[in-house]
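I have placed the structure first, in the form of structure tokens, so that the comments after it can refer back to it.
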Amino acid sequence: MTEHHARKRFGQNFLSDPNIIRKIVDAIRPAAGDTIVEIGPGLAAMTDPLVERLGHMHVVEIDRDLIARLKERYAPERLTIHEGDALKFDFGRLGAPLRVVGNLPYNISTPLLFHLASFADSVTDMTFMLQKEVVMRMVAEPGTEEYGRLSVMLQYRFRMARLFDVPPGAFRPAPKVTSSIVRMLPLPPDKLGAQDEALLGRIVAAAFGQRRKTLRNTLRDFLDEPDFAALELDPGLRGERLGVADYVAIANHVARKGASPV
Ligand code: SAM
């Protein structure tokens, strides 16, 4: 088969280091009977050892050339290929419990993580490779530079751990940055606590919209001085000082007041 030329617009960097591939697949711990979907199988660096252990799996791939290769290589009873954009894919239709893995296209990683978070209820775990800098933001603690909207919204739904780093030399072509493997375990629904998750999302977006401003400014559409007092919250703080539980408390207070902005 002719060589595939990596397409930048699809964020294509293909894993080529067999030791790293083995390490990632071991971290996923695939077991026969698991329903696993891989986002962006590419040239099947991870798909191959996964299918080997699972017998069957699902993949979502956008690149038609890669899809044609996958079809040639795998019988449909071993690989179900979903052709199209993972950002629009309904992961819920694969049934629960679902395990999601992938060396994600870095150019769409943030919207993809938000899209995937909406299927957390039917997911057992997700194991992804992402830019290290994004993983650091996902697992960041309050008060740190990396802590932001992505940290709060994902930590609200998942327990997350950075497992190990992967150097640029493990890929062809080599990316400019170091990557990390992250594991995401959905929290049980009764642990989440926000009465209105869309409202929580709007409040967190507002709090981090202008990082240098205080909550008094950034949350002025949601909270007035008595609200801050009722929540025992210092309006002079910046959004980065608050933990996930603080944001949930704010969102539930606003929901109770019925005073979300128009
Ligand atoms: N898994 C392979 C590996 O580790 O070598 C390829 C990883 S490469 C970083 C990202 C893969 O995601 C490519 O195969 C690319 O075509 C695919 N991809 C990019 N954007 C996508 C999208 N929106 N939906 C589904 N797949 C996408």
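Just so it is clear, glycine is given a Cβ too, placed from its N, Cα and C backbone atoms.
Keep in mind that TrEMBL annotations are predicted by a computer and have not been checked by a curator.
Annotated S-adenosyl-L-methionine binding site per TrEMBL: N13, L15, G40, E61, D85, N103, in sequence order. DSSP classifies N103 (S-adenosyl-L-methionine binding site) as strand under the three-state reduction. Of all the Cβ atoms in the protein chains shown, 26 others lie within 10 Å of the Cβ of N103 (S-adenosyl-L-methionine binding site).
Residues annotated as domain 'Ribosomal RNA adenine methylase transferase N-terminal' in TrEMBL: 20-188.
The number of other Cβ atoms within 10 Å of the Cβ belonging to G40 (S-adenosyl-L-methionine binding site), over all protein chains shown, comes to 24. Per-residue pLDDT, averaged over the domain 'Ribosomal RNA adenine methylase transferase N-terminal' (20-188), rounds to 97.
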